[in-house]
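Worksheet: the structure to be examined is printed underneath.
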């Protein structure tokens, strides 16, 4: 295979890995924790995975402590915790 073909294959595999959602079996345990603002009083918009709705939701983080179900962006939350409802086992 030519180096151009290998480069294309590598690019496609990288894209596939980025776009493939996390399966429920592989979802980190902390994704099931509730949103936790923590004891501090800052106002930081953040996102958490809501295991009931199975979607990432916005919440206000106080700036300290809390838990690991706390993401700076919706995209980061989705990449880490959202499982695809349409994904079929292989």
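The backbone N, Cα and C atoms fix where each Cβ goes, and this holds for glycine too.
Noted in Swiss-Prot for the protein shown:
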{"type": "SIGNAL", "residues": "1-24", "note": "signal peptide"}
{"type": "DOMAIN", "residues": "31-81", "note": "domain 'BPTI/Kunitz inhibitor'"}
{"type": "DISULFID", "residues": "31-81", "note": "disulfide bond"}
{"type": "DISULFID", "residues": "40-64", "note": "disulfide bond"}
{"type": "DISULFID", "residues": "56-77", "note": "disulfide bond"}
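Spacing of residue 40 (disulfide bond) relative to residue 56 (disulfide bond) is 23 Å (Cα to Cα, whole number). Each of the disulfide-bonded residues 31, 40, 56, 77 was scored by the other Cβ atoms within 10 Å of its Cβ; the lowest score goes to 40. Between the disulfide-bonded residues 64, 81, 81 has the most other Cβ atoms inside 10 Å of its own Cβ, all protein chains included. DSSP gives residue 56 (disulfide bond) a strand state. Here the CA atom of residue 31 (disulfide bond) lies 10 Å from the CA atom of residue 56 (disulfide bond). In three-state terms derived from DSSP, residue 40 (disulfide bond) belongs to neither a helical nor a strand segment and is classed as coil. Under DSSP, residue 64 (disulfide bond) is assigned to coil, being neither helix nor strand in the three-state scheme. Averaged over the domain 'BPTI/Kunitz inhibitor' (31-81), the predicted model has a pLDDT of 97. Under the three-state DSSP scheme, residue 31 (disulfide bond) falls in the helix class. In this structure, the CA atom of residue 81 (disulfide bond) is 22 Å away from the CA atom of residue 64 (disulfide bond).
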